[in-house]
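Working notes for the structure below.
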Amino acid sequence: MIKKIGVLTSGGDAPGMNAAIRGVVRSALTEGLEVMGIYDGYLGLYEDRMVQLDRYSVSDMINRGGTFLGSARFPEFRDENIRAVAIENLKKRGIDALVVIGGDGSYMGAMRLTEMGFPCIGLPGTIDNDIKGTDYTIGFFTALSTVVEAIDRLRDTSSSHQRISVVEVMGRYCGDLTLAAAIAGGCEFVVVPEVEFSREDLVNEIKAGIAKGKKHAIVAITEHMCDVDELAHFIEKETGRETRATVLGHIQRGGSPVPYDRILASRMGAYAIELLLAGYGGRCVGIQNEQLVHHDIIDAIENMKRPFKGDWLDCAKKLY
């Protein structure tokens, strides 16, 4: 029977993580459980850095970006001996189950702990929206708002100078954030990792737009696809139009979470406690068609496929 749980945030931070922690803590306390917060993700778990959390520990947290528990990347957690120390620390504290908030690397750690017999529930916290088994991740919509605001500002100056702007958006190997920002920001062109990319084809599309009378343009591109400064130079050379690159960077991870992320994080945090009390372990939470769902965390990591939002790309192209 579960009497005490632990909660940690791991990997890259995302707006709404604090709201998720709050959802976990207050739901657990309502059910009569104790909650331990673990500092700095799996690193803090290994180093046994924990704190008892009460309902006041998460007061005024729902609107705060980042994660007050902190986060850290800890690749050493792949080592089974390191994980064994972590489990010993959990048991020493009387913790019966663990809620992990983070991305796919965080899920991998939760999966390994599950395989070693310690029950974990994973919540998807990443701006990249690249987690299997869920339509959206905690932090995605806040990051989208940040990116669109930046695109709006760039459009102001691009139109003033009849300039082409290349905007690099986060997402790692998932184009969801770029696609959504391209639609919401009215970008003329979008480049994502799921679709083969050619600089020459992009330039030809830009030239076609210029021939139709377009005076300025925004190109949204997902990070890691190319050097955006070199791409901007190539576009300027081939089109004769002044072109500048903007890397939005880590500003996309910060800021107060938008209402949808606060709601999603709160619902998922509460649902994690429901699952643990129902006897579930080794699960990850998602939202599909606005309904909370849960999947086997091992199956989600190893077997499930994440569909590419091709309809978003089609929409973006129709609106060029």
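Just so you know, glycine gets a Cβ as well, placed from its N, Cα and C.
Marked as active site, proton acceptor by Swiss-Prot: D128. The Cβ of D128 (active site, proton acceptor) has 25 other Cβ atoms within 10 Å, all protein chains considered.
Under 8 Å, Cβ to Cβ, and six or more positions away along its own chain, R73 (ATP binding site) finds G11, G41, G105. In the three-state DSSP reading, R73 (ATP binding site) counts as coil. What Swiss-Prot lists as ATP binding site is G12, R73, F74, G103, D104, G105, S106, and the listing cites sequence analysis.
Using a 10 Å Cβ-Cβ cutoff, R22 (ADP binding site) registers 25 neighbours. For the recorded site, R22 (ADP binding site), the DSSP three-state label reads helix. The ADP binding site annotation in Swiss-Prot covers 22-26, 55-60, R155, 186-188, K212, 214-216 and rests on sequence analysis.
Sequence annotations record features per position, and here Swiss-Prot assigns Mg(2+) binding site to D104 based on sequence analysis. Within the same chain, residues at least 6 positions away in sequence whose Cβ sits under 8 Å from that of D104 (ATP binding site) are T126, D130, I131, I301.
Cβ neighbour count for R172 (substrate binding site): 17 (other Cβ atoms within 10 Å of its Cβ, all protein chains included). Per Swiss-Prot, substrate binding site is recorded for T126, I127, D128, R163, M170, G171, R172, E223, R244, H250, I251, Q252, R253, and the stated evidence type is sequence analysis.
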Among G103, G105, all listed as binding-site residues, which has the most CB atoms within 10 Å of its CB?
G103
Which ones, of the recorded positions V25, S59, S106, D128, K212, have a Cα no more than 10 Å from the Cα of R172 (substrate binding site)?
D128
List the Cα distance (Å, whole number) between V25 (ADP binding site) and S106 (ATP binding site).
19
So which one is it: of the binding-site residues K212, H216, R244, R253, which has the fewest other Cβ atoms within 10 Å?
K212
Nearest of the recorded positions (Y56, S59, D128, G186) to G12 (ATP binding site) - Cα to Cα:
D128
